[in-house]
């Protein structure tokens, strides 16, 4: 097995996979903005219902298969029963997992060789597409889209889900390859999370809420005003209803989400400023900031990737194998699903330990162990990932010290040889501590019953910050003649 | 281990340092990621998957965007066809 | 046996040390002042909501489409 390398598996598929061309010349600042936004908007536009799904699954009470991963959807920008059933999950998970495996040297890749890098990249893409295929078929055969599908329907659903997945991969690739701002996956996720947030707060679309033909707005604030004026509700009842309706976003969750976003803003701006000076010119002093959230929202993303895998495996075992039958062994060992509101599939006992509760009250009364297990899970995976990622992602203490040497900078009060060691005391601590704080925020939000909205706003805001940093750097370099900023009158704040 | 081991003399210390530096060197030689090798890619807080142009079906980014929109509309068309013909499926 | 307890102690100590290092780091951190913080929150909030509104506008297009096709 000595000569065998996993990435070689991708070689035969390489000519088949579409590959976005690298830009011939440098893309301007404005073009990048436009590319990024358009790619993200196409993604948002892709949240169309799937064709060929059996329509009456919802009426078919009791036996129908409902959404088992509702609390994971926000983070991966996935919408149930649409083309983007799995959102960016396959792309993000394949990128994170391949990189982590390469970092642990479990996959042998020599990143210095161009051919190896290409193969690694193709392998990542192949893995992502493969995940779309596997997930699509898991959902199809679980009966999620209806219990008695014809062959034609199965093929059609596969075709839709997989090609949607392929297009998501390509959209991410377009942004990544330099047409947009760096990370396509993060840009798309952030835009979708922002969209969902606005929809939840200010959404004006009306949805039927009961059998009497009453409609309520999706947006929590819009709903407040609307129900104050509604004739079938008392004034006080309207306000109470706006704060605690559980079928649509309410004001309580909205306020919680905003509080979480502000908290992320706060800890995102915690940084340790190391005094640096130039080794070439005397008296040139500056500071080099090390952010507390050194790995940004990636640690939460990784935790959620692991969580997603756990829940998908459980879903396969319980639903596809055991058909959610309470008498089967698998159901007893893993825990089954109970339907809620005819919309969600809520995991039961052992599995519920890793499931954020639907509300705080339910958390206390029905799953008192969940807070402990869930927070332990988030913290352990987050810290492990943060510790690893800071070392392998090319921004470790040693990489920074090499950068310092190249740029003729040194830490004030340290010899050049001591920089790496000094940074090594700071960077891992920063990244792991940041990961713990972020994990605690996610746990706090999720245990209060945000059903994935808490995690998604945290990922959204922290990814947004990472992107913003990149965009401002880009702007300072070559955004001077940007027509877009002149039109908008942005002053670089 | 290191705590239980008796405080090492010069020889062990030197050995340890040597091993450490050898390990360092080895790590330096095999970068763990594209960025560590100096070719862009994911950084500490950015997840960037695609950096190099691998072999494959070359496509222009604009083509990708148009095809994506086209794909979405083809799904819409599928819905419409399904609705008009009643029970297609 | 002695080695075992030692390892166990170290295992128990690791999180304590981790928390200590972490809090020390946070205390050393430069935190944004009230004014700065408000500015950041406002800027990020406006940006986030602006992007969200653009996205939501696209999603509104879905409503007639869904009406048409479902």
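In case you wondered, yes, glycine gets a Cβ from its N, Cα and C as well.
A quick note: this is a predicted structure, and the numbers were derived from the prediction, not measured.
TrEMBL tags one of the stretches A:86-106, A:212-232, A:338-358 as transmembrane segment, and that stretch is A:86-106.
Checking the ranges A:251-271, A:398-418 against TrEMBL, the transmembrane segment annotation falls on A:251-271.
Your range for transmembrane segment, going by TrEMBL and the list A:33-54, A:55-76, is A:33-54.
Long-range contacts of the transmembrane segment (A:426-448) within the same chain: residues 71, 256-257, 260, 263-264, 267, 272, 274, 290-295, 297, 299-300, 303, 356-357, 359-360, 363, 370-371, 374-375, 378-379, 382-383, 385-387, 389-391, 395-397, 400, 454-455, 457-458, 462, each at least 6 residues beyond the stretch ends and with a Cβ under 8 Å from a Cβ of the stretch.
Of the recorded ranges A:33-54, A:86-106, A:151-172, A:251-271, A:292-317, the transmembrane segment (A:179-198) has the largest number of C-beta contacts under 8 angstroms with A:33-54.
Taken together, the residues in the domain 'Translocon Sec61/SecY plug' (A:41-79) have a mean pLDDT of 76 on the 0 to 100 scale. Through the fold, the transmembrane segment (A:368-392) approaches residues 99-100, 102-104, 294-295, 298-300, 302-303, 306-307, 352-357, 427-428, 430-432, 434-436, 438-440, 442-443, 446-447 of its own chain, all at least 6 residues removed from its boundaries and within a Cβ separation under 8 Å. Beyond the ends of the transmembrane segment (A:33-54), by six or more residues, the same chain brings 27, 77, 79, 81-85, 145-149, 153, 156-157, 160-161, 164, 167-168, 171, 174-175, 179-181, 184, 187-188, 190-192, 195, 484 to within a C-beta distance below 8 angstroms of the stretch.
Listed by sequence, the residues of this chain that lie at least six past the ends of the transmembrane segment (A:151-172) yet keep a Cβ under 8 A from its Cβ atoms are 18, 20, 39, 42-43, 46, 50-54, 83-88, 90-91, 125, 128-129, 131-133, 135-137, 139-140, 145, 184-185, 188.
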